[in-house]
Every structure is written in C-alpha cells, then in structure tokens.
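Dumping the structure here so I can ask a few things about it.
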Amino acid sequence: MASPEMYDTALLGILQHQGKIENFLDVMFGFLYRRTDFFRTMRSKEDRMGFPPGVQEKMLYSIFKKWQHYATQDEERMMKKLQEKAEKERQAAAAASAVVEEVEVETTQAPENTENKTDKPSSPEQAKTQTVATSNAPKDASKTDAKTVEGTEAKEGAAAKPTSQEEFQQDAESWNGAVRENYKWAQHIHEVEIRVHVPQNIKKAKDCVVDIKNNFVKVGFDKFSVIAVAIKDGGQVKVLMEGKLTNKIICEESMWSLEPGKCVQVNLEKEKEYWWKAVLVGEPEIDIQKIEPIKHMHDMDDEEQSGVQRMMFDQHQKMMGKPQSHEMKVHDMLKKGWDAPGSPFAGQEFDPTKFNISPGAVQM
C-alpha cells in the first residue's frame, strides 16, 4: 500500500481553500457521493453496487478509531520524551554541581601536618594564580562536557539521516525521491516536489530568491532547465541549491512557496511523464526499481480509469463474497444455455457454484 502522505499536497490545497475541517470533510464525502457507490445501499442480494445497510458507518468508525489510536500513541511518545529529557537535565545539573563542589574542597583543604592555620600565598602574584586556577576548573569541565554532548548529538543526527530508498519511501517529503545535503525531493508521475531547508529566521518570502527557467544551447537549440534557490541573510545572499535539472520542466506551471522558518517548497511540473532518477545533474541517482510508480486517478485516460474502477468493483465483490465482473459476464452467458434444449441442467435452478472461472479465461 502506498504511503498515505503522498496525497498531502493535494489534500492540503483543498483544506486551505475550504478553511475549516468541517468544510473539508463535506468536500470528501461529496466526492464519494458523486463518483462512487459509497452512499448506495444494497436492497437485495442481486444488487451489484452499494453496501449492505450499516456497513458504511462501521467502515468510517473503524478508520476513525485507527487514526485516533495513532494520535494517542504519538501523544504518549511525546510525553515520554519530555519526561526523559527532564530527567537527563536533572541528572546533568546534579553532576555539574558535584564537579564544582569537589573542586572547591580540593582547593581549600589544609595539609595534614598543619594545625589551626591556613597556607598563605608567599606573594600577591601567587595568590592571583591560585584564584584563577580555582575559578577556571569547573568552567573548563562544563565546557568539555558541553562539547562532548554536542559531538554526540551531531553523530547521532548524522547516523539518523536516511540513505536507502526503503528509508526514503517512509517519508512523504522524500517519497519516490531522496534526501540530499540541503534538501529533500519527492515525485509523482507529473510533478517533482523539492523542500530546501532554510534557517529559522527566514520568515518572509521576500527573503528568498528562487529562479526556475529554461535555457537553450545555441547549437541545435536544445532546451534544458535550471533551478537556483537562495536566501537573503544578514545583508548577504546565500545560495542553498543551484544547478541544471536532469529533465525538462514546464516553467509556466511550476511554482514555489515559503514555509516560514522551515523550508522553501518548489513544485516543478514535468514536461514528460516519467520517473526521475535525480533532480540535479551530477547528484547520486535513485533506483527507480525500488520506488512506488503510482499514477493518480485524474492523470489517467478514460480507458485506464475504467480498468481501475473495474478492479475496485471486483475487490468490493470479493470482500462481500460475491461474483466478480469476469464471473458475472460468464454467468450471464451460461444462464442463456442453462435451460436450452438438450441441456443436462434444464428445469433446474441456475447454480453458479458449479463453475470455476479464472479472470484470464474471459475477454473483458
């Protein structure tokens, strides 16, 4: 099954246009009403479309409980992480306090052979040296600990970065694409989505510069597409992504937007419908044998849509324990000859269970 996040861009556009969850749900159910048999109720066993009474409600409740369960798990994991973080901070604070106390004891302890008096520095310079050494000890230890923690976190972050196509497929932002140094990219059959990471202080679109265009080579007038993404930070322009695209795009139908403090999202409309192995020329290519080559329903022609609808109908019939489309076609043919003169079944009720019909045996 394809990752559910693959439809996020389309669904987010609908949600933003409608403005409210209630309106969004109304659009979804309206689609089911107009384009499917979801709201049709089967009145008899002979009905080929629809669902038995009450099945739709049970289906909706089951799906709702499924995602509610995921949400509850997410909340529990978040609370656990917060508790673990608080515990680590408490332990770190206790450890830092112990280091400071130990240093203070070592610098103030009197020698064993001295009674009722404390060593005094023989000169002001010596006193100053002792004071500086004492005050610096806990600070140096704290800095060392901080550097160690930062180094460990950096290593963990580097280790967590996905590198295989199987890992890329788990993230909607790299679905059928990859994770690169400054950006992630995903793709559908007609579109490429790129998310270029930006600093948290980049909040407005005017702080970004995105250039998407087609260039032409003079010899042969061959066309190629290029992209550049940069930000304006501290009076300087910093290029985050730049290069020649591996395939041609339709610039007029490509666009970009800023998610403040997170990323610049670029949507490139492919000139031809095929799967890209990389975004920029020269970057590592993905193995397109390991992606999910799914085509949206609205991208299919009438013949393809008809085939998909037939498959959906057959799946529904199979779940209900009813004949599939290829079986129904043969049954209609057999019924005509069931009571024909000379038939061994003449006078008997038609029984489809006497026949085992494979899908390949029927020309649809």
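Including glycine, each Cβ sits where the backbone N, Cα and C put it.
Reproduced below are the annotations present in TrEMBL:
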REGION    82-173  region 'Disordered'
COMPBIAS  82-91  compositional bias 'Basic and acidic residues'
COMPBIAS  92-112  compositional bias 'Low complexity'
COMPBIAS  123-137  compositional bias 'Polar residues'
COMPBIAS  140-158  compositional bias 'Basic and acidic residues'
COMPBIAS  162-173  compositional bias 'Polar residues'
Same chain only, please: residues at least 6 beyond the ends of the compositional bias 'Basic and acidic residues' (82-91) with a C-beta under 8 Å from a C-beta of the stretch. Say none if there are none.
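Cβ under 8 Å, 6 or more out: none.
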List the helix, strand and coil residue totals of the compositional bias 'Basic and acidic residues' (82-91) as derived from DSSP.
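Split into helix, strand and coil, the compositional bias 'Basic and acidic residues' (82-91) gives 10 helix, 0 strand, 0 coil.
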Just to be sure I understand, if DSSP states are collapsed into helix, strand and coil, how many residues of the compositional bias 'Polar residues' (162-173) fall in each?
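Its residues divide into 6 helix, 0 strand, 6 coil.
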